[in-house]
Structures are given as C-alpha cells and as structure tokens.
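Residues or ranges marked as compositional bias 'Basic residues' by TrEMBL: 1-16. Here TrEMBL flags 99-108, 169-193 as compositional bias 'Basic and acidic residues'. According to TrEMBL, the region 'Disordered' annotation covers 1-37, 93-193.
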Amino acid sequence: MAPFKKFAKTTGKHIAKNTNQARKQQPGFKNKKPKWVPEGKIFHGSVQEGQGFAFKRKQKAQHAYNKLLRKEASGKPVKTAFEQEYPEHLKHLYQAEADQLRKEDQINRLRRRKAPPTEQASGEDRPSSHTEPQPSSSPGPRLPQPALEEPSGLNPSKKKMRKLTSYQKTREEYESAMEQRAKKKEEALRNKQQREEALKVYKEKKMQTYQMLCKKTRKGQPNLNLQMEYLLQKIHNKTQNQAK
C-alpha cells in the first residue's frame, strides 16, 4: 500500500470538519434523508480498502443494467415470426411493392375465374382427332409431341408464377452468394488439408533419405556404400519410369 498523502491530487473529494452540522437541506430533495459523513474523512472509501473507484464503477454498471431491464419490461410490441423484416429507411418502398404485387395477383386470379370454358372444350376435342389415324398403316409422319404439349399451354391457371419483391430477390441473391462462399471455403479447406498431407509425406521421405545418407562408419567417415546404393536405385527407378 502506498503511503497516505493528504494533499495529493488523487485523494478524491475533500470533506471539511463539522460538515454534518453545517450542511443545509437542498430545496429539491425535501424528503430525502441526508447522508452521514464521518468526521475527518477527506475522500470516499478508506485507506485499507482504497478510494472506492471500483465500487462506484460496479454501481454504475448495475444501474445501467437495471435501466435496460426496465426498458425491456415496459411492454414493447412483440414481432411476429411470419412478418418480413425490412430495413427501416426502405420499409415503405418494399411494403408498397408487395401490396402492388398482391393486387396484381388478385386481378389475375379473378380473370382466370371469369375466363370462358371454350379452351377446355377445344382441348378435349383435339386429342380425339389425333387418335383416329392410328390404325392406318400409312407411312406418313407422326407428331405425338404437340398432342402432349398442348394441354400444358391450355390451362395457364395451373401454373402459378411466383412474383418476388426486390427485397426478396436481393435476399435470395445474398443467400446464394453465401452458399457459394461456403462451398469455396470448404473446397479451400479440403485443398489445404491435401496439401498439408502431401507435404508431410514429402518431408518424411526426405528425412528418411537424409538419415540414410548421414550414416557414418566407425571412424566417423561418410558411408559411401549407402550413398552409391541410393544413387543406383534412383537411376533404376528413373529408367523404369521412362520405359513405361
């Protein structure tokens, strides 16, 4: 503990003697009980425990946390899970676009309901006309493909085209970009792992050859026989690879 300095700058708030008797009640705090300060105390805290800075910091954090809890418990509206979360500065544009697309879908649905059933009757007659010339054994050209493709074009109401807002399109593009990025990351990790394994095998092989070539005789001289055997084996492997 550092020596106590009475007139240092870091001593904190100075409190004179007889402050409890001379203190006046503030006009804004009539019902508040005045805090009793012991005599001769010239800073907050004590010499043994310190000047109370950590305690004040802790109290400040507790007050801020309690304030956040009170704000959360003040009954804010809960967002439903099925609503789209648009950015605030562009929310009105996306909502207007979604309303316009919804109105267009309703108009198209009403048009399909009010459409006359003439196309369906013509669609029923056309396949019968194609089935009549089947028993004839004439070598004329047959066209089975248009007969199969026509019913799909007759009833456009069955095909529901999905119209997306610009926000949904950008969201889908972002998700596809994130998927591609994840695939690239996985591929890079796989390549890195393969490269590390290949380097490990290469280093082990080099270490084996180095240990073999570093062997010496009892007199401390290099073992030339082992070196010659290694060179001959290397030449033999090279000639075999060239012959293949």
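Backbone N, Cα and C atoms are what each Cβ position is placed from, and that goes for glycine too.
All TrEMBL annotations are machine predictions without curation.
Computed from a predicted structure; not experimentally measured.
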Exercise. Using DSSP, tally how many residues of the compositional bias 'Basic and acidic residues' (169-193) sit in helix, strand and coil.
Key: 25 helix, 0 strand, 0 coil
Quiz item: Can you count helix, strand and coil residues in the compositional bias 'Basic and acidic residues' (99-108) using DSSP?
Solution: 10 helix, 0 strand, 0 coil
